[in-house]
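Reviewing the structure listed below.
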Amino acid sequence: MNPLREIRANPRQFAPSVLVVFIAALFGTAIMQGIGILGALMRSAEVVSASDTATVMITIVGMTFFLIALFVSGIVIANTFSIIIAGRSRQLALLRLIGASTRRLRRAAGLEGLIVSVPATAAAVAVSTGLALVTLALLGDAVTVDPGLGGIEMFVPAVTTIAVTWYAAFLGAKRISGISPIEATSQSVEQRTDDVRSSKRSLGIALVLLALGLIMLAGGAYLGFALSNPAGLLIATPGGACSFLGLIVGSAWFLPPLQSRAGRLMGRSASARLAAKNIDRHPIRSSRTVIGLIIGITLVTMFATAMTTFRDQMVIYAQSLGEEGMEIVEDALLQVIDRTMLFFLGMVAFSVVIAVIGVVNALALSVRQRTREIGLLMALGQSPARVRTMVLGEGLQLTVVACLVAVPLGVLYGWIGALAVISPLTGFFAPSLPWWVLVVVVPGSLLAVALAGRVPARAATSINPVEALEAV
């Protein structure tokens, strides 16, 4: 399997991966260069005492959000290559039949990821550097110190993105090990149904992580409101990460039942039932597609809930201090909280965008690999409008599942975080729901998938039934 030949033969199937890599690399490089410019600006203004601490804090926060975006990118890219490999089953089986090893074929798939990622990352670095130079020109004489845009550390996000893309492609090609050489003799090139579930070991690990995470979350909240110890956040934070990691590891077990139930919400029409069945046929692939959206929406909801709850509780606490306390809160603290929330939501937005691209990409690749199936449906009388509805229904169903899981999780994590921090001052309290964020995020995600999903839906209706059925 020649990676360059595969990319030249069908470059469109790699386009979403290129876009995802570009966004992730641009995000990380822009953060590093922005930090360099900010540090130079502060040093130029001789705010030396505050600049080092501020730069370190901004670096930690920025790189944390970059790693989150990179993790979502890895999931999207691994799922993309998994679907691509599934569509090459017969070709790979032929290669296995003439002696190609599984390891060699997986290395070739990883090399495809490497070839795709290098130009995308280079373009991202060029764009980011251009924006940084424009920013420096606008600042003019305010920056008299070299921001170090050409330093080696500025290229760390780019190199990391390339490495993650290569590894994600290599992991996505894991399905090659399950392809038997005997499949080369089959007349059908239709991909096989996914395994019903991943291994039982992954379920056991997921349950342990979930249990451990929930215990740590409860312990952190208890330390805060019952023992008045603000150190509860140090326990609640790894607890939230642990429980969420458990959800990711066990997604192939936990999410398919929700996907089946969400399919019933889409109606009982033929298009809705077909959309639900297509998702049920590939539970692992669907779970991988959904998990990226779940990560993004959970983070948005978590930060919004934590900040909104913190803001409301600080107002209540200030009221107990009298008029002077209210003046302090209204004039200073509330503005800081609002701006911090907008900053965090802006950072997380990159992960949501990448996840939406992942959903649309999965739909597009699925349409290409179900050419015969869609052609048969149209030959049997299914109208183009119903085919479009079926494809869009798959994307909307996956997004609904992501929202049903992510919103309660985000509210829970944000509430426990706020409890651990400020309940020593205020006592126990219920979460304040960030309604404006939920109103924007949930319908916004559905609308984004619906609009972007029109491209694969239109591609499905352009299939010629006669040509599609020639291979049968």
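Glycine is no exception: its Cβ is also placed from the backbone N, Cα and C atoms.
Taken from TrEMBL, the feature transmembrane segment covers 20-42, 54-87, 108-134, 154-173, 202-225, 231-255, 290-310, 341-364, 396-421, 433-453. The domain 'ABC3 transporter permease C-terminal' annotation in TrEMBL covers 64-181, 347-465.
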For the transmembrane segment (154-173), distant same-chain residues with Cβ under 8 A (at least six beyond the ends): 17, 21, 24-25, 27-29, 31-33, 36, 66, 70, 73-75, 77-82, 84-85, 105-107, 109-114, 116-118, 121-122, 124-125, 148
Averaged pLDDT score, the domain 'ABC3 transporter permease C-terminal' (64-181): 81
Tally of residues which DSSP labels helix, strand or coil - the domain 'ABC3 transporter permease C-terminal' (64-181): 102 helix, 0 strand, 16 coil
Of 108-134, 202-225, 231-255, 290-310, whichever stretch has the most CB pairs under 8 A to the transmembrane segment (20-42): 108-134
Chain residues outside the transmembrane segment (202-225) and at least six past its termini with a C-beta under 8 angstroms from it: 231-247, 249-250, 252-254, 412-413, 416, 419-424, 427-428
Intrachain residues whose Cβ lies under 8 Å of the transmembrane segment (290-310), provided they are six or more past its termini: 68, 71-72, 75-76, 244, 247-248, 251, 255, 259, 337-338, 340-341, 344-345, 348-349, 351-352, 354-356, 358-359, 398-399, 401-403, 405-407, 409-411, 413-415, 417-418, 421-422, 429, 431-434, 437-438, 441-442, 445
Composition by DSSP (helix, strand, coil) of residues within the domain 'ABC3 transporter permease C-terminal' (347-465): 102 helix, 0 strand, 17 coil
